[in-house]
């Protein structure tokens, strides 16, 4: 396929661009393989036109057309929730532009996506890909406790297609047993270590559901693995992210949940979390309510309520806190799973780590966590983030699980404003990049797919861009100071807030809030300037002239 | 004292907020002014003081095995439960409190016995802090168009107005008196705010007694005089803040609103703010939602919507925005009224003034604003806030709504206000506390008769003395947000109105951010200032000594140390935190009766209120928890902190999980 076949009209003059909060501009619209550009017409005195819009076409979630007599208006609804309007003179041009954008934004093949073509001068390929290998984390754990070992059973992704090649399991369980267990767990996702709580040597594991089926099949190796994971402790908790009834029903389709009798010492706790289509619909309803200017005060609140989004935030945070509480206060080991173990499971394990572990709350530590608990752990980003809240396309497997995680982290940041090293801006950047990106980090559904597509060899990593010094500064929280404690959030409705920075980003002006943020930066950095300028002076002296 | 049936009850269990599962055991004392609870724990002997005037209701609940519970709801939104072992004692406490919380004479109120140990001169100085004549001078009045009128001296024309009223120069005494006869309670149009830059003004009054067809020449002349006082405009807006239906109903009673045909050059506008009864019920409904234990998101949002509270707040704000826009952008004067012109009119005029003039967004200016639009113009503080026993139908959270409007604006414009949220909360507290004389009675006339200024102290002086606690660190006089008129976003804007948990769930500490940005930034700001001063001194010495290298390093090191120390102290104080109930599944996590309480959750949540209990009156009247002691054991010198409270309470959650 050639991109040029999809582009029916590459250039139109006199297009009027308008969007919320910015004055409308007229200019020339161009479509390239991956971008939509609008450059304003140069002024009368020979000045250069400036680029007003530089939109990644992959970012377009829905295209809507409306026609007047001789012109048409295209409304572009983007995955980052922005809504833009293009008024295009000429019916045919308008139709062509719309269908070109539609075609280009829905290209299915991963290899045709922008990250494979993006070659910025300032960065080297392969740079960020080795920053955060989960492997390193597992080695640290193994160095601390002899009860766990690194296994290469999943080399070439043979045992579990959605796991990375490096995984960590109880030392007493050999690779042969792991292969057997893989057959007993959905998607081959046998229980692996997700987090080691140094403070009291408890562990958190995650997996897919056990494939018990209606006949209550058992797997001795699986039982042994979980017994070994207890490391001699009396108790462990299985946190199942489905209701007890749903878990029971899952047996009819071959799944299930660990029976008490077979797993001594393990107790099951059911905490149903929404997933899949209901979660996607919740997201869509919320965005619709935010974009509806006709709502009165009353109807706004009931729309917010009926979207259920904040209920999902509360449920996710509560469950993560429960997991954290089991480890920190009960000193028990835990295993988290739902059905596949790739969505709500990761939501809970990742969130619990942010709550428990101060290292996950640093800028670098958080990237480590995302790489280990979301990307390498096999969250199917490609499927889940194929469409955002506006798309009219038939929903397949879209679900904003990762967005829900980011929202929950934001709630933690609001309740503990000094305890996260990164700011809301990082969360926003992660949201945007998970839906449409110039970088390869969130491409594909698993390590296996990324390896097949040669993502690491042929695209740039988001991390190497984020960690450039000038970028990093953008994402830092000026108020941060290391907090060794566990951060227990409040999950009361009075404490949970709509994430305005995301859901209202394009709807309300954030000028005054941005100014406040700048003022905070100024205050905090002002108090540090004397030392900083001194430092700068010193380093200048060291430079040879 | 004759109302106290039993001054002391022992072995009382005390729960200080809804979310608390812990009951403290101690002794209850009743005094002439306070309910005092002293915990038995011998080291701390923690005391909680509650002013009688803060108590809004006392409810006797069904007796249980542990005793007879009394539920006390306070006007500052604290909720307290007392469990008294003996039915008889409980009844005595109940009967005593019923009487004590409903004083019949002003002299019974706390401000007449409160003595902050200031001498007479200091007290007088305190009352002079806010001077309204000075304020009108600041606006640029008197001038060619406006003058002070003595028509109301000795309250001869209107007994709920101040003696000094500002009116257009062309409005003669004859016109004023004539107009006053055509207005409810003789509240004639008078100046509230004047905009120097374009001569536009905000005037206020009560409704005209127009009925279906009545006219009054002097009233028509009065409005014309207001219009003429603004040469830049050929009409004025007349804003009736009531819903149209209410205003029309008033016509049947011989009252009503201005007929555009009878007044030359007015534009009439209804705004639709509901009356005090609707507002009282709305608050009641919202507080019921706040009282729910661990509500779901749906319960909460439904309840909030159903209360209509935020809709009412928005209506008040919209009215203020309309008027501010008329004055600032159109340069048109506005006359505002409702029925009597002392509730909705006060709200709307003060919101508009706040939007228009940056001065009212300063600490001092805000005091002046309340004094101008509320105190001097006869807002009925005594009736609205139930200071003396009276008609419960007169009670309504009118100024609470204004205070909330200010908070909503602070959320939208974080750099625009010199003061912080705590300032608003403390003002709200004192409107009900009757600890200071400012808000006593229903009018200036009554206050003068009672000789308030000679017998009580002024809240403004007290707040001003502690102003460091009330400063917003993000405020800078030269910042863009502090200049000119504020323009809140109008459409779409519903989502900008938020539930104010800092006020209505003020005592549920666990709900609020566990680290206070404001306190930290304030500390940073002070520290920076000190450092700069020190630096200056040192630099001076350096130039004298000419030993540049050595000392420079010293300065640098010192600054680094200080910065470190500052961060440590500011963050450690506020970090402590404890897990909460994370299960809504009551089957597996049975909720426990309060008497089982062994949960150590109150001492650990250190928020601003604990850290900043430097306000002496508040530390006396509100609960101090054991925050201070905890701070000591959490000093940075204690090294790395252990996990919050693991040592203190090992088995509370275990019990919970075992039943899971």
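Cβ coordinates are placed from backbone N, Cα and C, and glycine is handled just like the others.
Going by TrEMBL, these are the annotated features:
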type     : residues                                                      : note
DOMAIN   : B:126-504                                                     : domain 'Myotubularin phosphatase'
BINDING  : B:275, B:276, B:338, B:339, B:340, B:341, B:342, B:343, B:344 : substrate binding site
DOMAIN   : B:307-351                                                     : domain 'Tyrosine specific protein phosphatases'
ACT_SITE : B:338                                                         : active site, phosphocysteine intermediate
COILED   : B:521-548                                                     : coiled coil
REGION   : B:572-660                                                     : region 'Disordered'
COMPBIAS : B:572-596                                                     : compositional bias 'Polar residues'
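Averaged over the domain 'Myotubularin phosphatase' (B:126-504), the predicted model reaches a pLDDT of 95. Counting every protein chain shown, the number of other Cβ atoms lying within 10 Å of the Cβ of residue B:344 (substrate binding site) is 27. Under DSSP, the residues of the domain 'Tyrosine specific protein phosphatases' (B:307-351) split into helix, strand and coil as follows: 31 helix, 5 strand, 9 coil.
Counting only residues at least six positions away in the same chain, the Cβ atoms of B:242, B:246, B:339, B:344 sit under 8 Å from the Cβ of residue B:275 (substrate binding site). Surrounding the centroid of the Cβ atoms of B:275, B:276, B:338, B:339, B:340, B:341, B:342, B:343, B:344, where the record places substrate, the chain contributes additional residues within 8 Å, namely B:241, B:242, B:345. Fewest Cβ neighbours within 10 Å among the binding-site residues B:340, B:342: that distinction goes to B:340. Spanning the residues B:275, B:276, B:338, B:339, B:340, B:341, B:342, B:343, B:344 that the record associates with binding substrate, the maximal Cα-Cα distance equals 12 Å. Counting only same-chain residues at least 6 apart in sequence, those with a Cβ under 8 Å from the Cβ of residue B:338 (substrate binding site) are B:206, B:207, B:240, B:241, B:242, B:273, B:344, B:345.
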